[in-house]
Amino acid sequence: MHATTGRSRLTILLCFIVALIEGLDLQSAGIAAAGIRAAFNLDPKMMGWMFSASIIGLLPGAFLGGCIADRIGRKKVLVAAVVLFGVFSLWTAYAGSLTGLLAARFLTGLGLGAALPNLIALCAEAVEERQRSTAISIMYCGVPLGGAVAALVGMLAGEAWQWVFIVGGVAPLVIAPLMLLMLPESAAFHHQRDQGGAVRPSTVEALCGDGRTRITLSLWVSYFFTLTVMYMLLNWLPSLLLELGFSKPQAGMVQMVFNVGGALGSLMGGVLLDRFRRTPVVLSIYTGLLLALAGIGFSGSVASMAAAGFAAGVFVMAAQLVLYALAPAYYPTRVRATGVGAAVAVGRLGSVSGPLAAGQILAAGAGTAGVLMAAAPGLLVAALVVVALGSRAGRPLASA
């Protein structure tokens, strides 16, 4: 691999900026939920579908974005994805019907989904192996920071819920031309392409060849359950807080500290993974997440809820970062974006399930406690699967 150079730092910086914008767009629906619900007269079940529309788009976006990038390059797919989610975030702000709103959210999700596996692949391939998890964590901390920006925009905009989507649409359209000019393509991808003559493996071979079946399935299970909880919190946390009796400004403040905690958790997860054994790191992170969810369920004051929200942000983002940092090491260069994209896509199934399940649980009258209790078993499964997975943390990326 490569020592950290100016080229590597530029790659990580530009990917961080894209992740920041992606984080804003990912959380925009949750921030604008109250305004959207009033504007379109939606009940909790329909709100669940509104949240899930973009997440449903994330699934094919992640899978196709990874597969196509292994053929034409990470940079080209990433720039196209950024333009796509920028255009349809703007469309969301001006949707005139529920059908138009759902279509805009789906297509926004398609672009967001295609971006992430390429952000991960570019950062993983930009640095040497001992810095891999840290590089990915620096990039990915942009996602919760973008969520904090979304919360701030929502607070400043007041009842004008459209503004969070306008900001989330204009920003990617501004950064896309800069990426075309400045973002380096992955040197590992160039090396693989220049070798020439290699037969491209099928998707099944990419995911399961050379004894990768168990690894791929383990990654999928852990991604699924972890992203179920993450997206449940991203989309429903403000609404859950309102149900508990907190005011809209208080809910916005908790959402903001949740995202600040998420930025810290993203950095923490990668740094810890690069420096310590996987098992204690993973068990500590998932235990902390379970305790934070319990704290949200039992907090009665703004201060305690803010502390619980901050802790939930730290641990849920750290858990996700651990998964994102581990996956690239298991796949060779020629199929790396495909492998990471497939894992992210399966995780998106969980991210669809989380908001939908939360809506159904709330509609059934189980309340906030019921939503949070439903998350616990899946987190236990995810933690155990990651611990059981054979370690490649800290090993060089395969180049074949």
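Each Cβ is built from the backbone N, Cα and C atoms, and glycine gets one as well.
Residues annotated as domain 'Major facilitator superfamily (MFS) profile' in TrEMBL: 11-394.
Look at TrEMBL and you will find 49-70 (among others) tagged as transmembrane segment.
According to TrEMBL, the feature transmembrane segment maps to 77-96 (among others). Beyond the ends of the transmembrane segment (77-96), by six or more residues, the same chain brings 18, 21-22, 25, 28, 61, 65, 68-69, 103-105, 107-115, 118-119, 122, 162-163, 165-166, 168-173, 175-176, 179-180, 183 to within a C-beta distance below 8 angstroms of the stretch.
The transmembrane segment feature in TrEMBL is assigned to 102-124 (among others).
What TrEMBL lists as transmembrane segment is 136-157 (among others). Using a Cβ-Cβ cut-off under 8 Å and counting only residues 6 or more beyond its ends in the same chain, the transmembrane segment (136-157) has close neighbours at 12, 15-28, 31-32, 119-120, 123-124, 163-164, 167-168, 234, 249, 252-253, 255-256, 258-271, 313, 317, 320-321, 324-325, 328.
When Cβ-Cβ distances below 8 Å are used as the criterion, the transmembrane segment (163-183) is approached by residues 10-11, 14, 17-18, 21, 24-25, 28, 31-32, 75, 78-79, 82-83, 85-93, 122, 149-150, 153-154, 156-157 of the same chain, each at least six residues removed from its ends. If you look up TrEMBL, you'll see 163-183 (among others) marked as transmembrane segment.
Within its own chain, the transmembrane segment (217-234) has Cβ neighbours under 8 Å at 26-27, 30, 51, 55, 147, 258, 289, 293, 312, 316-317, 319-320, 323, 326-327, 330, 342-344, 346-355, 357-358, 371, 375, 378-379, 381-382, 385-386, 388-389, counting only residues six or more beyond its boundaries. Among the features that TrEMBL reports, transmembrane segment is placed at 217-234 (among others).
Non-local neighbours of the transmembrane segment (254-273) in the same chain are 23, 27, 30-31, 133-138, 140-148, 150-152, 155, 233, 237-238, 241, 246, 281, 285, 302, 305-306, 309-322, 325-326, 393; each lies 6+ residues outside the stretch with a CB under 8 Å from one of its CB atoms. According to TrEMBL, the transmembrane segment annotation covers 254-273 (among others).
What TrEMBL records for 280-299 (among others) is transmembrane segment.
Among the features that TrEMBL reports, transmembrane segment is placed at 305-327 (among others).
Under the heading transmembrane segment, TrEMBL lists 339-363 (among others).
The transmembrane segment feature in TrEMBL is assigned to 369-390 (among others).
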